Amino acid sequence: MAAPGTAGFSRRRRATFAVRQGGSLLSVNGGSVAACQSSDTREQGAESPGKKLGAPEAAQLKGKSEKQKRRNDKPSDMLSCHRTQESLLSSASGYNNYRGVLNWCVVMLILSNARLFLENLLRHGILVDPIQVLSLFLKNPYSWPAACLVIVSNLFILVALYTERQLSKGSFGEHVGFVVHCINLTVMLTFPVAVILTVPSVTQDDVFCMFLVGGAFALGIYTILFLKLYSYRDVNMWCRDLSSAKAKKLSRSLSCPSGFSGDNLKVCYPGNLTLKDMYYFAFAPTLCYELNFPRSPKIRMSFLIRRLLEMLFFTQLLVALTQQWMVPIIQSSMKPLEDMDLSRMMERLLRLAVPNHLLWLMFFYWFFHSSLNFSAELLRFGDRQFYKDWWNAESVTYFWQNWNIPVHKWCLRHFYKPLLKKGFSKMVSQSAVFFLSAFFHEYLVSVPLRMFRLWAFMGMMAQLPLAWFVGKFLHGNYGNAAVWMSLIIGQPFAVLMYVHDYYVLHHRLDTD
Ligand SMILES: CC(C)(COP(=O)(O)OP(=O)(O)OC[C@H]1O[C@@H](n2cnc3c(N)ncnc32)[C@H](O)[C@@H]1OP(=O)(O)O)[C@@H](O)C(=O)NCCC(=O)NCCS
């Protein structure tokens, strides 16, 4: 075995030998250059033999060594200056450093958006009004139906907890428990719909804001709770199944009387059936219940404040861009939509695509990074994988597996795998998951708008043939471009369809 330093020493000797043989030897490896030159750079090498050089130093050394080499060239070498080589832009060259092109794209993007920004300002003036949103909520301080709906949702949480407690004690049989859970979950989905469709104050005055912000917010909370309570029921049922199976096999059961197991205070069934545990799950940034969630050691204040500032900043930016950029385009699309002027509709669609996409990206960051991390940090919830690298998706399937991890996890654990276990094929199970997802997308859009048009539903269901097409015919960068295309064009298309239908339904009736 070589003594420490021997390898370095022999490497240096080999390098010196190479210098003596041919003048200079230069090896470039990922930006660091180990250079061994004949005369002028040998001193530097002796000073710091193992030192890695930065890019400018490396370039300088390379230049020097090339000059040195040229000086040493024999006259016969100077007769030829060509060798067989590919142009950089041809794929055979193997060249793939397009950093400069990426920077160019960013500069072009900023410039073209600056032009759009100026054009928008010149045409519409400043439309941003942060007070408008607040005043909408403060206009009628005693009638906040969305907030009332959210408060009432606690009832469903308590019913689920009560049912599970009764099941654990044996006061409810499995069948009775199942029926109570089913009723609880069904009422949970239908109750807010009934309120939004019947209580006039939800749909008064500023239709757009109240419908979309108030109604969609309340429905979003109910949908999240629905998925959580479904998971809560499943996991507690699995615990009962496991403990009774163990009780049959062994004399010991999984459940422990104290509710805690062993030294590390892990809670076990039925010790988890407490109000504290239930509300921890209700607020935790996950849809999948677990008896012992991974916990982070402490709350990092600087992380928490950064996420909070991001949340506030992006909320303002989202509202401002909607008021200044989205709303004028949507308003200007009404006429072409009404006249069914196809070329103008196409132009409006493409015009809407840019702000819609930017808002969607900001929403992604605001929700999946800032907000979920904020609540996770506050609750010391350890699992922060809320999204994966969906932006690199080369297939539609990869996108759906990685863009919304909480929903994907829920789908896999509580719907997809149980269907597979029951013997359904992969194709049927995937279609069932997308059907359920399509139902909830439509639910969240149609109910606040009080208009059932199935555009969101069809958009989600279209993912299945799209996934098949992209998976079969487009790969690599083409697949990635297809995923981006579907996101950039698909969403504003659905938005315009709802706007069109909404306009036809309300404004045409008004003018008639
Ligand atoms: C439908 C969906 C769940 C499919 O997911 P997927 O990852 O492509 O599914 P796969 O067939 O690759 O299998 C996933 C899992 O099932 C398991 N599995 C596959 N076939 C199985 C079988 N016959 N029996 C048991 N398990 C099986 C796999 O081993 C894998 O397990 P792992 O997660 O532990 O590795 C996913 O596309 C999805 O979540 N779609 C909806 C997303 C959505 O609507 N999001 C809303 C965002 S707003």
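Here the Cβ of each residue, glycine as well, is placed from N, Cα and C on the backbone.
From a predicted model like this one, the values you see are computed outputs, not experimental measurements.
As annotated by TrEMBL, region 'Disordered' applies to 36-80.
Beyond its flanks by at least six residues, the transmembrane segment (142-163) meets 172, 177, 180-181, 184, 187-188, 191-192, 195-196, 199, 201-202, 213-215, 217-218, 221-222, 225, 229, 232-233, 273, 275, 278-279, 282 of its own chain at Cβ-Cβ distances under 8 Å. Among the features that TrEMBL reports, transmembrane segment is placed at 142-163 (among others).
As annotated by TrEMBL, transmembrane segment applies to 175-199 (among others).
Sequence-distant neighbours of the transmembrane segment (211-230) (same chain, 6+ residues past either end, Cβ-Cβ under 8 Å): 133, 136, 144-146, 149-150, 153, 156-157, 160, 181, 184-185, 188-189, 191-193, 196, 202-203, 281-282, 287, 289, 407, 410, 414, 440, 443-445, 447-450. What TrEMBL lists as transmembrane segment is 211-230 (among others).
Annotated transmembrane segment per TrEMBL: 350-368 (among others), in sequence order. Panel annotation: around the transmembrane segment (350-368), residues 113, 116, 310-311, 314-315, 317-318, 321-322, 325-326, 329-330, 333, 386-387, 403-404, 487-489, 491-492, 495-496 of the same chain, lying at least six beyond its termini, place a Cβ under 8 Å from a Cβ of the stretch.
Tertiary proximity for the transmembrane segment (423-440) is limited to same-chain residues at least six positions away from its ends with a CB under 8 Å from its CB atoms, namely 223, 407, 411, 415-416, 456-461, 463-464. Among the features that TrEMBL reports, transmembrane segment is placed at 423-440 (among others).
According to TrEMBL, the active site annotation covers HIS441. Secondary structure at HIS441 (active site), as computed by DSSP, is helix. Sequence-distant neighbours of HIS441 (active site) (same chain, 6+ apart, CB under 8 A from its CB) are ALA456, PHE457, GLY459, MET460.
Under 8 Å from some Cβ of the transmembrane segment (452-470) lie the Cβ atoms of residues 395-397, 400, 430-431, 434-435, 437-439, 441-442, 444-446, 479, 482-483, 486, 490-491, 494, 497-498, 501, all in the same chain and six or more residues away from its ends. Residues annotated as transmembrane segment in TrEMBL: 452-470 (among others).
Residues 330, 333-334, 337-338, 345, 348-349, 352-353, 356-357, 360, 393-396, 398-399, 445, 449, 451, 453, 455-456, 459, 462, 466, 470, 474 of the same chain lie 6+ residues outside the transmembrane segment (482-500) yet bring a C-beta within less than 8 angstroms of a C-beta in it. Residues or ranges marked as transmembrane segment in TrEMBL: 482-500 (among others).
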